[in-house]
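Here Swiss-Prot flags Thr15, Gly16, Gly17, Asn123, Arg164, Ser191, Gln286 as UDP-N-acetyl-alpha-D-glucosamine binding site.
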Amino acid sequence: MSKERNNLLIAASGTGGHIFPALAVSKEVEKYWNMHWLGVEKRLDSKFVPRKYNLLTLNLETPQKSIFILFQYLKILYSTFNIIKILKEKKINLVFTTGGFISAPTILAAKLLNIPVIIHESNLIPGTVTKYFGFLCEFVLIGFKDTNAYLKNCKTIFTGTPLRPEFYKTNPLPEWVPRGKGPLLIVMGGSQGAKRINEIFYESLDLLIKQNFRIVHIVGEHNINIPRKIKSNNYVQKKFTNQIASLMQNCDLVISRSGAGTINELIQTKKPSILVPYPNSKNNHQEKNAIILSSIGGAILINQDKISKVFFQETLKRIFKVKKNKGKPTYEILDLMKENMKNLTSLKSTNKIKNLINYFLKEF
């Protein structure tokens, strides 16, 4: 029988950048708490959140145009009252959230009921909810030390960003990945894919395959439109995979967006990368994230409006230029990027956050 007053609500929805850190934490604390998950209808939540977590969803979306600002506030207000009912019904004792639109009404509802909230901010530049609602939270956990400068009115704790458990153990290369001697590239655009990266990369494929690159291309759920069928034993395309940890650990180079989750996965796996920040990210936070790696020589940062077929081909040619070292061929620039990545320290963030959450468990 579950104990009274040991109920944890996780509020996380939308993109993998919000959901995956929350999942990593939930797996660490699930044996101590009765788990409940608050998300948004028709989003990634239903695909990744385990059924045992009692997934609750709201019909809540984020209008993108300024004309809908009033509508946004009305939706937040309406959702706040719905969440108050949920918090009371489930007897929630603590809320953990990772930001995003679902977080705002959840924080307000919890505050009105005097329920403590812990929010985690993965990005270097805080998101809107963290920036304006963080002061209402018991703690704001930050993924990067420098984020503290933007949250002067909040009780911040530097924890790093939690990663899924598989990133902390050695994983073999999946059987479906092309075998061979050529360098292995992982091309991906985050949980939602990246249409522009896909389009430009398709244009470069013929030459890259001829140059003996092995390629795993994660195109995203809504970016599967291929201009032509690509036939090669060295190329595999998938909408999505849950084996990202294994792919990143065993690849030579990652080509990706620069969400906070991806940045921390690259730091953990020590992999060099080409980063193309999402141009419409709020406060340009993806570019700021990418600079963390490019500034130490572990990544090459290129803005989306600058990428082209020529850029991909010339950049990869430069990174994988062979230099003989005592008779043994090496990739001089790639090896240098790998060494630079080793200078970054990865944190066991999930354990830190687990201890903070369980501190509140002891108080009940």
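Glycine is treated like the rest: Cβ placed from N, Cα and C.
Annotated features, which come from Swiss-Prot, shown on the structure.
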residue: Thr15; record: UDP-N-acetyl-alpha-D-glucosamine binding site; Cβ neighbours (10 Å): 16
residue: Gly16; record: UDP-N-acetyl-alpha-D-glucosamine binding site; Cβ neighbours (10 Å): 18
residue: Gly17; record: UDP-N-acetyl-alpha-D-glucosamine binding site; Cβ neighbours (10 Å): 25
residue: Asn123; record: UDP-N-acetyl-alpha-D-glucosamine binding site; Cβ neighbours (10 Å): 27
residue: Arg164; record: UDP-N-acetyl-alpha-D-glucosamine binding site; Cβ neighbours (10 Å): 17
residue: Gln286; record: UDP-N-acetyl-alpha-D-glucosamine binding site; Cβ neighbours (10 Å): 29
